2 protein chains.
Amino acid sequence: MHPFLFSTSLSLSGGYEEFCGRTGMNGNGPCNPVDLLEDPLPGLGTYEDFNTIDWVREKSKDRDRHREITKNSRQSTVALVHSISDAFSGWLLMLLVGLMSGALAGGIDIAAHWLTDMKEGICLAGFWFNHEHCCWKSNETTFQDRDSCPQWKTWGELITGTSQGAFAYVVSYLMYICWALLFAFLAVTLVRAFAPYACGSGIPEIKTILSGFIIRGYLGKWTLIIKTITLVLAVSSGLSLGKEGPLVHVACCCANILCYLFTKYRKNEAKRREVLSAAAAVGVSVAFGAPIGGVLFSLEEVSYYFPLKTLWRSFFAALVAAFTLRSINPFGNSRLVLFYVEFHAPWHLVELGPFILLGIFGGLWGALFIKANIAWCRIRKTTCLGHYPIVEVLAVTALTALVAYPNSYTRMSGAELISELFNDCSLLDSSQLCGYNQVETSTGNSLADRPAGKGLYTAIWQLALALIFKMLITVITFGMKVPSGLFIPSMAVGAIAGRLLGIGMEQLAYYNHDWRIFKRWCSPGADCITPGLYAMVGAAACLGGVTRMTVSLVVIMFELTGGLEYIVPLMAATMTSKWMADAFGREGIYEAHIRLNGYPFLEPKEEFEHSSLAVDVMRPRRSDPSLAVLTQEGMSVGEVEALVESTHYSGFPVVVSEESQRLVGFVLRRDLLISIDNARKRQEGIVSASIVVFTEHMPAQAADAPPALRLRGIMDLSPFTVTDHTPMDITVDIFRKLGLRQCLVTHNGRLLGIITKKDILKHMAQIANRDPDSILFN
Amino acid sequence: MHPFLFSTSLSLSGGYEEFCGRTGMNGNGPCNPVDLLEDPLPGLGTYEDFNTIDWVREKSKDRDRHREITKNSRQSTVALVHSISDAFSGWLLMLLVGLMSGALAGGIDIAAHWLTDMKEGICLAGFWFNHEHCCWKSNETTFQDRDSCPQWKTWGELITGTSQGAFAYVVSYLMYICWALLFAFLAVTLVRAFAPYACGSGIPEIKTILSGFIIRGYLGKWTLIIKTITLVLAVSSGLSLGKEGPLVHVACCCANILCYLFTKYRKNEAKRREVLSAAAAVGVSVAFGAPIGGVLFSLEEVSYYFPLKTLWRSFFAALVAAFTLRSINPFGNSRLVLFYVEFHAPWHLVELGPFILLGIFGGLWGALFIKANIAWCRIRKTTCLGHYPIVEVLAVTALTALVAYPNSYTRMSGAELISELFNDCSLLDSSQLCGYNQVETSTGNSLADRPAGKGLYTAIWQLALALIFKMLITVITFGMKVPSGLFIPSMAVGAIAGRLLGIGMEQLAYYNHDWRIFKRWCSPGADCITPGLYAMVGAAACLGGVTRMTVSLVVIMFELTGGLEYIVPLMAATMTSKWMADAFGREGIYEAHIRLNGYPFLEPKEEFEHSSLAVDVMRPRRSDPSLAVLTQEGMSVGEVEALVESTHYSGFPVVVSEESQRLVGFVLRRDLLISIDNARKRQEGIVSASIVVFTEHMPAQAADAPPALRLRGIMDLSPFTVTDHTPMDITVDIFRKLGLRQCLVTHNGRLLGIITKKDILKHMAQIANRDPDSILFN
């Protein structure tokens, strides 16, 4: 159906004679001027909500537009300038997307930091300072221990007047819960009241949109505003969620809104999706400060159609965004990356064992998490739980706050926790994780190879409890009606597990330097095992298990450390994790949510394994009435209208005659209705008895017959066809690669049936023993 | 034509009844058992040399094989093990490719190092030591000045007995030329005698092969052996060429040879190309020590079909190769990267000006180089120069050696030169480039902000001469009959230009600290301008101008420095360079060479701009005789043979009857000939009068008629079709995305003509006002 707009505009722009001469060659009779629509009717060639776009048609439209501009540019200077500005508009748009997303991400970081600290206390020097900033201002020195700052008061201190004692603790505890509930309540009510699309991580929907689906308002300005605000609130409320997924959504909203500034992108769904693919890269770039990783994330995980041009532009936009974020400097350390790590010791081949173990853990947890989360979401959907989202959010927030406060590792934000777990212990480090007993050694540095002390043992217990808590609470948190990302919670789970294993390995080595596996590389006093590295590998493994990312994940982690050294451990862990998780089900969390919601998404990664043929999938089935077709010159307006009304198909093939069933073209229902409606209103003499003509020449008619309605202009003259014997794997490949909406099926040159994207998805669901009616949209 | 093997094996594996029942539905008469070939005939479904593969058929074959294995795996343990080993064979193959390529690259590095030093002198402690190694062995300390080592004798020293004086210099000079000529002579004769495909960089051919072309022997074991040896010789001869491009070829040869170990890859051209795409990544990974850059290079520059699975595997293989190379440690510094750089000063926004200037220089040089090199290659092809490749190589080598020896910057190898130009000056640096005058300053470090001294002025002159020499000699070197890469020479040109500009900027700042542009960031004594960074940016710009790489180039450079800091300058320069060069012609050097050689390569990056329709491109043209078709049951064996012999088409459509022209399927010439030949030899009663039947049921025949030859098994039942009105941009898109060889054209359900890949390429050449007959192969 793609090029019907193309052929219209071709004819309008002077190509008419050429067109006419050419078709005259086929012996189709005299070449009469076709009754072309002077101006395209409003609505012609657009899509309805919850429908799939036709990539071929959109790309053809764009090429046509480009050809027009190039042709004009040779004629006048103004047109030449227009042509140049058109060529650079893509880069300008990318620049704007990068700047806007970077600025928004910076704002979100600062606001979330401030509100998170607000839960614990307030700055007397000014309530708008966060904890760190407050202590900075008050004594102009950077203390290692940021708590020792007189201007910063915890709520307990402020209310009871003392920082010690059970009462102050209880007051702080209660205030913490109250603030958390307030933030969560604000978040969920704002989402419900103004922008229901602002909830969740947004990545499943963006994947679906990028594959060619239309969800109006999903990337609109209200979604952007509300998602930005509620994301800050949700993160600050202490729920087990991150801001990385929603940042992708925010960046895509920015891109979609900015697209309206440029005709090229406003009017073309395919071109706009190129920009959105780049925006997804921008989102991850600002979330982690990893531009290359962001581009690969977009390529590997989110995008559907990713031409090379988009690769360059994504990269450019991701860089601009990362540098905008850095100049805002929300982390106060002029680092580009979220978790900056620097390890001192290299890793040893023996350590690949524990790394692979972490991969197995990550894969298992990923698979389990997906199953549990989907089961929980299904319960939410089917039972009355789904009717009380505000109560649900408040209950989960209260539970989280109640359990999280006493344990310092759950009380701090996810990003802080990960940062601390990734860190190597330095000499002045006062954190519990570095609570080793100092030993006197003659060789080596004093930081390496120490036995665990009391502080570390406490930390281990707290971490173990935090691990269990995080694993459970994340399952019920992800999917609630607040903005919620999954990256940080998954990474936190993995980082805790990794750090625990790392400490275990370290202590094992300390007490058993003479074991064979440690002997050659881990002698007493040597700095051989880095628990922080284990935490990083664990984080990558768990995130990989949940999302099934591989390369982009490794590259993001590589950008955090900036050294190629640790790529092999990361690679080993993510690969193991992916293989492990794939053994339990090939879907990542985003694909699982896409299926849960019934979006029409044709997974590009999965191969179609079954050996069915096109004839098995096409409609009409054997028992169905035959295919509804239009004939090229035999039907009256009334008959066409009756046919359209009696069916719900979104398009109709046009054939030479009912008997021959030889295919001429394809007409979309929407275009047909608009055109007939318009003709009845504006064209003189069009009544129900007027015949509808799709041919070039006029058929002979009686002298007193009403004038015919010529609709060749809205017919797609080059519908895609496959034969009935085409294996479905090839058909699916064609649908995926060309981005089709439907394809006609022929047998020996006769039209037999039609296959739509939805038919394919239903067929695939049937093969996988799922309910084919779970595919909801067109 | 894709699924004909598919349907055969489907029937063989018990799917026959299902197949039969299904087609019975279409009212094609009684369902008789089809006379299926028991075993596929040898040669059926393979390709001839210099032909294009059919991606759809190959991928369909592989899916079929996979389905078979999966089905069997449920039945027995052996089959299950086979299924698992099949699933992991891809990873195993990647591991082997990485190990082999890494090892070969290490060997090449070591050998080239040794032979390059051999040109200048010899180690008395053992001729098998290179210069650095020799001095290492002899005094066990690492001198900064590696020339002060008694064991290493230059040829002049050895022969004349003194290292001073004009005579010793002349002897060394002559020996240098002699060695260079010897190496070059060996290289060119070896290539000519044993493996003519071993010459050149190989990247244009690999691009063509990856797009689906077949060049037998191009990736064979002889090419591998000879290319490896001659690459060492060519690099050592001092010619202006690099080993990076040929390393990609070497890695692809390794991959191709290793493919023969695994049935899955040996028998399937599409699967093998996935492995080759990964091998291209491996090649760049070992060339620069940049695994991520290598993968992106393969994705951006070389590959045609790059599914996500290949992305993961390429990354894995690239890592394995990089680490294999590192454990061989050819550079003796346990660095992974070829040019390790560490800069100390950040860059300032003002410097973007000179960086963009370098981009413009790179783009201009790139465009100019391509034009000059192609013109020179055309001269070589058309004049008698092409008949004397050995003389040509020797002449160019002699010229290079003669001019290069007196200038130390051209005498050293390209990689060493670039390394030196990238370097920051350290305190003990004795190189001319660091010949600054020392000044006493009260503030800042003593390395920064110094005026140029005598050494530096000499260096500037020598660099300027080297720049001109390299720019000219590279034009005539690239394309000679020796292995020759373009990365290092291009980067050398850019690095020289960049360093010169950098020194210029530095001195400008030194003498004009009070200028407004320097005032705020470049005060006296500050370390503000790093000439090494300019060299790096220049190198990227020139390489970008020649190859039109962008993202992969930036990532390779990023991996060399390991810091995100310098991405923006690199990005600015490469983008400017690409835009600049594109203004003079959109082709990179590799595409230009592909076109020069007439390979059938359908550029995936370029849009098809013209507004022609399928009917304009298809054959037969208006004046031609009508399309040669087979009918499904009306022709005798003799008639078919006569038709095949009277034409040279590689395939024939099968229609219901000459009158109706309704399409049934498509038969390949090769398969048709093999089948008829086989039937005549083995099947009883097949004579010229036997009719050929493509239908499922047998037509009624006279009792005394000879038995019919049933050929439905070799017919492709699902040929691709487009209508005559399909715009060519869509048709080209279909060809590219699905990897078609040909496509049939219909009008209102009747067969009208055929479009092949070659027709499209000829049409595109015609539009661009080039000779359509320059497309040589099928």
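Along the chain as shown, residues are numbered 1 onward.
For all residues, glycine too, the Cβ spot is worked out from N, Cα and C.
Because TrEMBL annotations are produced automatically, they should be read as predictions rather than curated entries.
Copied over from TrEMBL, here are the features:
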TRANSMEM  B:91-112  transmembrane segment
TRANSMEM  B:166-188  transmembrane segment
TRANSMEM  B:222-241  transmembrane segment
TRANSMEM  B:247-263  transmembrane segment
TRANSMEM  B:275-299  transmembrane segment
TRANSMEM  B:349-370  transmembrane segment
TRANSMEM  B:385-405  transmembrane segment
TRANSMEM  B:459-480  transmembrane segment
TRANSMEM  B:486-511  transmembrane segment
TRANSMEM  B:532-558  transmembrane segment
DOMAIN    B:618-682  domain 'CBS'
DOMAIN    B:715-772  domain 'CBS'
Quick check for me: are there 3+ Cβ pairs below 8 Å between the transmembrane segment (B:459-480) and the transmembrane segment (B:247-263), leaving out pairs under 6 residues apart?
no
Which whole-number mean pLDDT does the model give the domain 'CBS' (B:715-772)?
90
Residues in the domain 'CBS' (B:715-772) grouped by DSSP into helix, strand and remaining coil:
23 helix, 18 strand, 17 coil
Pull the DSSP breakdown for the domain 'CBS' (B:618-682) and write it out as helix, strand, coil residue counts.
24 helix, 16 strand, 25 coil
With Cβ-Cβ distances below 8 Å as the criterion, list the same-chain residues six or more beyond the ends of the transmembrane segment (B:166-188) that contact it, or say none.
115, 118-121, 154-157, 159-160, 230, 233-234, 236-239, 389-390, 393-394, 396-398, 400-402, 405-406, 411, 480-483
When each of B:91-112, B:385-405, B:532-558 is checked against the transmembrane segment (B:349-370) for Cβ pairs under 8 Å, which one has the most?
B:532-558
Using a cut-off of under 8 Å between C-beta atoms, tell me which stretch among B:247-263, B:275-299, B:385-405, B:532-558 contacts the transmembrane segment (B:486-511) the most.
B:532-558
What same-chain residues lie close to the transmembrane segment (B:247-263): Cβ under 8 Å, and 6 or more beyond its ends?
89, 92-93, 96-97, 100-101, 104-105, 108, 201-203, 205-206, 209, 219-221, 223-224, 227-228, 231, 272, 275-276, 278-280, 282-284, 286-287, 302, 321, 483, 485
At a C-beta cut-off of under 8 Å, are there same-chain residues at least 6 beyond the transmembrane segment (B:532-558) that contact it? List them, or none.
284, 288, 290, 292-294, 296-297, 299-301, 341, 343, 347, 354-355, 358-359, 361-367, 369-370, 418, 421-424, 486-487, 490-499, 501-502, 505, 564, 566-567, 569-571, 573-578, 580-582, 588-590
At a C-beta cut-off of under 8 Å, are there same-chain residues at least 6 beyond the transmembrane segment (B:275-299) that contact it? List them, or none.
90, 93-94, 97-98, 101-102, 105, 206, 209-210, 219, 243-244, 247-252, 254-256, 258-259, 265, 305-306, 310-311, 313-315, 317-319, 321-322, 325-326, 335-339, 487, 549, 551-553, 555-560
Intrachain neighbours beyond the transmembrane segment (B:91-112), with Cβ under 8 angstroms and 6 or more residues off its ends:
228, 231-232, 235-236, 243, 247, 250-251, 254-255, 258-259, 261-262, 265, 275, 278-279, 282-283, 286-287, 313-314, 316-325, 328-331, 413
Residue numbers, six or more beyond the limits of the transmembrane segment (B:385-405), whose CB comes under 8 Å of its CB atoms:
173, 176-177, 180-181, 183-185, 187-189, 192, 237-240, 379, 411, 469, 473, 476-477, 480-482
